[in-house]
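Working notes, beginning with the structure itself.
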């Protein structure tokens, strides 16, 4: 439906469709939310592991999404809870998104005190210099060059391949496996006799 109004001798045409679209809440964004002007606000929350969070503007507008890539600071970029910032934002299909975030006076942000937890297993390897299971290799060993010795018993009169303790531990494991085999064969014989 089309409405015609006369203003100062000029014809002004409006359609009912445009009047309903102006009532749409998505189109009622204030000019400060749409422009790239500098706004002040606080960090509502920020997930340091995922690298994003939300800002609450001081002027009471809609919350603004912030990604770590737009935060101005060196090193690990994050925001502390309730940290005061100044930011620029733009409207996207998902809502308001920050395009630049800095400290209140335009400098680097302070950032969060938390760091994401890294699920990294420590790799334990044997240092062939000191013989310890540690997180270093022989070229990085703090003890310096050591004399050749057995890494199993630390004896300096022989090497690991010729260690007398190696045979003792092998004979114990062999005797255990032999006794396990004999007991399992005896159990099989008893079950066969019962049937």
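Numbering starts at 1 and runs along the chain as it is shown here.
Placement of Cβ uses the backbone N, Cα and C atoms for every residue, glycine included.
Taken from Swiss-Prot, the feature region 'Disordered' applies to 1-31 (among others).
The zinc finger annotation in Swiss-Prot covers 126-143 (among others). Listed by sequence, the residues of this chain that lie at least six past the ends of the zinc finger (126-143) yet keep a Cβ under 8 A from its Cβ atoms are 149, 151, 154.
As annotated by Swiss-Prot, Zn(2+) 1 binding site applies to 127, 130, 136, 141. On its own chain, residue 141 (Zn(2+) 1 binding site) has 127, 129, 130 as residues at least 6 apart in sequence with a Cβ closer than 8 Å to its own Cβ. Residue 141 (Zn(2+) 1 binding site) falls outside any helix or strand according to DSSP and counts as coil.
With a threshold of 8 Å between CB atoms, the same-chain residues lying at least 6 positions outside the zinc finger (148-165) that come near it are 126, 128, 131. Swiss-Prot lists 148-165 (among others) with the feature zinc finger.
As annotated by Swiss-Prot, region 'Disordered' applies to 164-195 (among others).
Annotation comment: Swiss-Prot describes 170-188 as compositional bias 'Low complexity'.
In the predicted model, the zinc finger (148-165) has a mean pLDDT of 82. For residue 130 (Zn(2+) 1 binding site), other Cβ atoms within 10 Å of its Cβ number 17. Residue counts of the zinc finger (148-165) by helix, strand and coil are 5 helix, 0 strand, 13 coil (DSSP-based).
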